[in-house]
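Colleague: Sharing a structure below in structure tokens format, with a few things to ask.
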Amino acid sequence: MTPLEKVAGRAIPLGLKNVDTDVIIPAHWLKTTSREGMGRGAFESLRADPDNLFDRPEYKGAPILIAGDNFGCGSSREHAAWALGDLGIRVVIAPSYSDIFSGNAVKNGILPVVLPQAAIDRLMEVAATDPIHVDLDTQTVTTPFQDRFTFEIDPFRKMCLLEGLDEISLTEKSGAAIDAYEKTLDAERPWMRPAV
Amino acid sequence: MTQPRTLYEKIWDAHVVERRSDGTCLIFIDRHLVHEVTSPQAFAGLRATGRTVRRPDLTLAVPDHNVPTTARLDAAGNKLPITDPESAAQLAALETNAPDFGIRYIDAVAPEQGIVHVVGPEQGFSLPGATIVCGDSHTACHGGIGALAFGIGTSEVEHVLATQTLLLQPAKTMEVRVEGEVGPGVSAKDIILHITGTIGAAGGTGHVIEYTGSAIRALSIEGRLTISNMAIEGGARAGLIAPDETTFAYLKGRPYAPKGADWDAAVAYWKSLATDPGSTYDKVVVIDAADIAPSVTWGTSPEDVVPITGVVPDPASFADPSKQTAAAKSLAYMGLEPGMRMQDVSVENIFIGSCTNSRIEDMRAAAAVIKGRKKAANVKWAIVVPGSGLVKRQAEAEGLDRIFIEAGLEWREPGCSACLAMNPDKVPAGERCASTSNRNFVGRQGPGARTHLVSPAMAAAAAVTGKLTDVRELML
């Protein structure tokens, strides 16, 4: 996973609420055994409109996406995070996310920034004309107009993003604890093993 | 004396392998269900890093999303080819990955095959008090038998395959209590649609919802699975219903469930899981069952719910400006005008199936309405897709397949089908579908498809009248 510390650039002012992962990447794009190339199907239904935001020259390759409440709701498909990543998006800014999406995003080096609606409204305004800066280390979003918004993030997620950590390797260090848990489980609830 | 705990807290505490200083816990996973769409990249990851599956005995793979619902075997019993090459490749990958990594596998033509969330409880692989994950958000379903079950992404699928654990933050707790008795024609689906409309699509975000109250207790396991299935539509990663005698009676004797003395020990343990008196939830919502009508969605979010007797709302009637915009966009997509009566909306397609509503009780409820009637002339496509091979056989033994076929509906092979239209079962662009599935998202049932979520009885009613219909009028 590519580490993430500072991201600066244009931000796509999508702004919609309840953007579900079927909208981010429709199911027919899920028929693949690879993680690559998902950007082609990203936001397909929105991009059917020739005047859509994503394909405007000023937002091509924009590293930031601004959205409304409950971004990434619905299906657990990690393909949504892969699709955003393939579009070049490294940061999403929204008032709230679905729990599954925000986890998937972090595991793919995408930072889900949570800011209140008022801040989102201001950033949407700025995004129409100017770039936005996001600094994970200082947990701030700033604009060329002296706007400065700070955001909260779970410290573990922050560390994973900053260092580009592979969570499986991290968990494997707890191998002995998992062994011990399994032993206790077998002793206390042996019937938890499938009967056949 | 120990602090009173909720059902969720008891299950969580029983699965903590390690607790980190920031509250993050390494949680043991008792059951891992795998399907063909969200697993190939995880198996590829294991191969790339030389890792193996830590507990293949706790892992069960079954293809469901891509499988066609037309015949899978020819007259001679040979497997028919999958015509879509991409679907075929995903199915082939699972068929190879399962034996390569030594995990349990139910083949697409096996009698037990079905939607993973129907198969898990049906086989007794899913158990109360267990932690269950699957790369599918409707894993919440298994909460209906009292398991802490939730959907995960593909990176987490790989993490569970490799370590049988997940790193998780504890969720907040939410109680949705439905008290009283529902009226005639009101099913579990109507209860959960009503709940979703009440709490909103993000109402349960960050929470695990425990469904309580007399109306929930009165439900069969099939009904409870329907309720918990759609916890995710209210934003909650998991739903829970405390296991009770109904649960034990359902699970007893199922293939993977404990047997003999093990069964007795298991039941004693499961009985100890119920939320203690005096426990508190972070959020409580109370609903009067008498307020719930047969329900239907009008928009493109599962929170867009009205009683079938209602009308399409005016976007201006919503207080939240972003909801006003969303509602206006939804109505444009759905081709509806504010003030239209829901019962005047005609439908060309009917889908009875999905992990929400494809169990035997759903088949019976739909057949009871269809019996002795015919599909309306304007309904072009009406399919009934049982949730598993076992449901299909049971329905056929009861003669339900004949009722559907004689009315002009198609009786199909089990799978996810038109719920998400990854297989050939799709709703054409611009057309409407009365669907017993769980999501009315833009393009969910096919590009441009317009979905109205309803119960099996309501879908059956729409099939015979050709429009959204109050099933109570057909029950007179």
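Just so it is clear, glycine is given a Cβ too, placed from its N, Cα and C backbone atoms.
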Colleague: Can you tell which of B:C355, B:C433 TrEMBL lists as binding [4Fe-4S] cluster with B:C416, B:C419?
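Modeller: Given B:C416, B:C419 bind [4Fe-4S] cluster in TrEMBL, the matching entry from B:C355, B:C433 is B:C355.
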Colleague: For each of the binding-site residues (B:C355, B:C416), count the other CB atoms lying within 10 A of its CB, then report the residue with the highest count.
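Modeller: Top count of Cβ atoms within 10 Å goes to B:C416.
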Colleague: Translate the DSSP assignment of B:C419 ([4Fe-4S] cluster binding site) into the three-state scheme.
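Modeller: The residue in question, B:C419 ([4Fe-4S] cluster binding site), is helix (DSSP, three-state).
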